[in-house]
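> My questions all concern the structure below.
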Amino acid sequence: MKKAVFNLEPLGCPTCVKKIENTLEKMEGIEEIKVLFHSNRVRTQFDESKVQAEDIENTLTKLGYPVVSKKVS
Amino acid sequence: MNARRTSQITAITGALLLIAIGLHLGGLHEWRQGTLIISTVIAGTPIAIKAFQAIRMKTFSIELLVTIAVVGALFIGEYVESAAVTFLFLFGAYLEVRTLEKTRSSLRSLIDMAPVEATVLRDGETMTISVDDVEEGDRVIVRSGEKVAIDGEIISGKATLNESAITGESVPVTKTKNDRVFSSSILENGFIEVLADRVGDDTTFARIIELIEDAQETKSKTQKFLDRFANIYTPAIVVMSILVYLFTRNIEMTLTFLVVACPGALVISAPVSIVAGIGNGARNGALIKGGEIMESLGKIDTVVFDKTGTLTRGRPEVTDIHTFSRKENDLLRVVAEAEMISEHHLGQTIVREAKRRNLILVNEPQNAEVIEGNGIRADIEGQTLVIGNRKLMRTNGIAISNEVEAYAVEREKSGNTAIFAAIDGTIAGIISIVDQIRPEATSALQELRANGIKQIIMLTGDNRHTAELVGKQLDFDAVYAELLPEDKVAMVQKLKNAGHRVAMAGDGINDAPAIATADIGLAMGEGGTDISMETADVVLMADRLDQFSHAYSLAKATVRNMRQNTFFAVGTVVILLAGVLLGKVFLASGMLIHELSVLLVILNAVRLMRYNNKNGKKETATPILQTE
């Protein structure tokens, strides 16, 4: 199990939080998601055999939330 | 939609509106109308998309109301209104995100304090690596001007460190071999080599950030209420708009009603205050874990303090060893050998004193038993030692002569804790230990009273005399001594049953049950011990009591700010709606006032970030319990 924190550009509204949560929840291998509205961050825990941090980053970018920086541990 | 895209679309539609004004002045009416429609479509599309997304997530949003109003305005040919409303809405949203950034900035500045790289010594080689690649057990070198990248113990060197990222305390501290250092401290002067024992997300700093982030996302009761209210309010407004249309048959008034009734400022009024308040607390070393806790903290009227480690420094020292039968060092050695198993700070103080005197502690205690809140019993070199308070002596059938009692009382009255040491059923000596009152305690308690705390009570396991002395010095309303952890719980419960809203402050270990029982549990963080950080509602990162008085007045200010915001948001909507029904407020002007109200609510919250409790004065005098 890996952890990744993605720093995003400022999130505009709580709907953005739900949108990100709903989309990531559907991705296979993602075990935990926390979208932090006030710090513009997404904390995730995922199964690296099923999904990679890059896949999550791409999904976020496609959704319209480009990743400014990320930390995978 | 992110802030950058919002600003781009706002700029384009703003330019289109300017062109439309030019075309209007040039008399090109058809072109003007076309430009306005294009502007409406460009600005309106992202708003409509957001409205659709919100519906899909089963929430009614302000975007939905704006979309209905804009479609209506286009339908009746009010192109100026539709273009102005969409532009103003996007511009407002952009300003909102930018202004919100201010309330988020306190957290952002904390996150930015995290170190990026570290210098480690591996296989005799010094290398600079990313902080994510540092492993437990690595030897990390920190030089002047660098940040500590891990938590660990200094194995060599000496340095002055600024630990404000962790504790909120900006006065540098000097640390040397065997001292602990924390990630994100800045080394101001010197050189140290640290053995990493916590890295990455396990460091104290990373956990503080996570706790603050979670705290900011935790909703307050007011916030939860407003969220529920907004969900009912928005569809209610749609219904009311239909009623307005049925009564007035005025589509323009109906659309204006729809837009100005948007609950934007109302929805944001509570969270922005909470986020700004939590940010301020974090910067000042008080970690308040969430909106609901902020609200409860602002309502407390009674504060219960534990003495040792909370009101006192928690670094006790042996001041005197009085023996009745044997040599001082001999008694100290056997008592220290027995206390080796004790985790109690008084026991550890005795062990420390023995080590300071270079006494060799070789004998392992046999049949050792810790009697919680009273002391310990153990066999050393075939002798049975009973070490602790009077109660322990009594329960073990050890007689306390008048001479011993008189000496103990005399020590206690001068502020010491008298530890009775009995060997084979006879009192062999008394070890006096003193713990200094924290220098800021007097002023912090005065501030708490000035800010509205009705009563301050001390509950301690320590003896009556010392407790009374400390209580008198700090002007407590009541002092209860010689209590066990369960007695403290019962006292807190009793206060709660009497209708008081109680905060319990302790050092987070033996006080944990009472802390959990109180309405608000407050722990001294000591640079972030696990138990205190996880269990308490409020953690004082630098162990300073003035951080508590700041947190309390901050909580009150935050609740006040939240009420101001809610009042202002509701007031604006009521006045605007009245203006609409009286025909004084129109679609674009209504939207402008509405957006301004959102900004004002945020700016009011931003004031909290600079909040500083002015009631209290810093105390320079250091009241210390005298040992003689």
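From the backbone N, Cα and C atoms, a Cβ is placed for every residue, glycine too.
So TrEMBL lists the following for this protein:
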{"type": "TRANSMEM", "residues": "B:9-28", "note": "transmembrane segment"}
{"type": "TRANSMEM", "residues": "B:34-52", "note": "transmembrane segment"}
{"type": "TRANSMEM", "residues": "B:83-100", "note": "transmembrane segment"}
{"type": "DOMAIN", "residues": "B:113-213", "note": "domain 'P-type ATPase A'"}
{"type": "TRANSMEM", "residues": "B:229-248", "note": "transmembrane segment"}
{"type": "TRANSMEM", "residues": "B:254-279", "note": "transmembrane segment"}
{"type": "TRANSMEM", "residues": "B:566-586", "note": "transmembrane segment"}
{"type": "TRANSMEM", "residues": "B:592-609", "note": "transmembrane segment"}
> Any residues 6+ beyond the ends of the transmembrane segment (B:229-248) with a Cβ under 8 Å from its own?
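That would be 59-62, 64-65, 68, 254-255, 257-258, 261-263, 266-267, 581.
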> Give the one range among B:9-28, B:34-52, B:254-279, B:566-586 whose Cβ atoms make the most pairs under 8 Å with those of the transmembrane segment (B:592-609).
B:254-279
> Per DSSP, how many helix, strand and coil residues does the domain 'P-type ATPase A' (B:113-213) have?
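Going through the domain 'P-type ATPase A' (B:113-213) residue by residue, I get 20 helix, 49 strand, 32 coil.
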> Determine which residues of the chain contact the transmembrane segment (B:254-279) at the Cβ level, with the cut-off under 8 Å and only residues 6 or more beyond its ends counted.
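Sequence-remote neighbours of the transmembrane segment (B:254-279) are 62, 65-66, 68-69, 72-73, 81, 85, 96, 100, 103-107, 212, 215-216, 219-220, 222-223, 226-227, 229-230, 233-234, 237-238, 240-242, 244-245, 248, 288, 290-291, 294, 554-555, 557-558, 561-562, 565-566, 568-570, 572-573, 576-577, 579-581, 585-587, 590-591, 593-595, 597-598, 600-602, 604-609, 611.
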> What average pLDDT is reported by the model for the domain 'P-type ATPase A' (B:113-213)?
88
